[in-house]
Amino acid sequence: MLDEPHLVTAAHRDFIEAGARVITVNNYSATPQRLARDGDPDMFEPLHAAALSAARKARDESGQAIRIAGCLPPLVASYHPDSVPDDATCLRDYRRLVAVQTGGVDLFLCETMTLTREARAATLAAVESQRPVWVAFTVDDRDGTRLRSGEPLAAAAQEVVASGAEGVLVNCSVPEAVTTAIGELAGLGVPFGGYANAFTSAAELSPGGTVDTLTTRKDLDPDGYAEHALRWVEQGATLVGGCCEVGPAHIATLAKRLTAAGHPLAAS
């Protein structure tokens, strides 16, 4: 990020050129807790400044109407609800993440939320920015009706909408689980959708681990992934994209398939 920011800008541009209309700031691992564990806490602001700059540069160079989403990720680890800090710490540190990004983003995306109270804290902090807020939950790969904490997705989604979220999604879960989960979101009264990963499973990732240790599915080429995403749209989803191991080629195919099916692309 700091040594070769042009690579991050180029990655954003690749997704924009593929058809993405919303890009997310590349700060997922730059939380106070992760930097204290794996890096240098003093790099919090420089890393966010670099991430915001890379996203803005990509948008400006594209000349397209792209929205930049500020990222509010799990503070400690993905997929592990038992690692979520207490409510006061969550709210404090999500406020830090919001404050450092607000000036450079169009909306906030609270993503890969495993626990209702984690998502609520992120939502409350993001709403204070007066930017639109979307919340994305990660669900049990075997049961898309439940978060990885075991809590019901429907109840968690209602909680964040009551806290001010303007969109609810499911992310970083296998596509089949997202398909199940979409049915739980249809009655919320706000835009909803999903963006899946292409792992066989994320369950074995330990706190502090990196996703390069996970196994990529062989059956989710661009057309295979698009088939899943189109099912979500058939269920009423208007917010669709891709998470880990879903690259520009997947997004390009999805964009073409959506357009061909009469669904115009927009930075909703």
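Here the Cβ of each residue, glycine as well, is placed from N, Cα and C on the backbone.
Here TrEMBL flags Cys172, Cys243, Cys244 as Zn(2+) binding site. The Cβ neighbour count for Cys243 (Zn(2+) binding site), using a 10 Å radius over every protein chain in view, is 24.
The feature domain 'Hcy-binding' is assigned by TrEMBL to 1-258.
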- request: Give the number of CB atoms, excluding that of Cys172 (Zn(2+) binding site) itself, located within 10 Å of its CB.
  value: 26
- request: State the count of C-beta atoms found within 10 angstroms of the C-beta of Cys244 (Zn(2+) binding site), not counting that atom itself.
  value: 18
Averaged pLDDT, computed only over the residues in the domain 'Hcy-binding' (1-258): 96
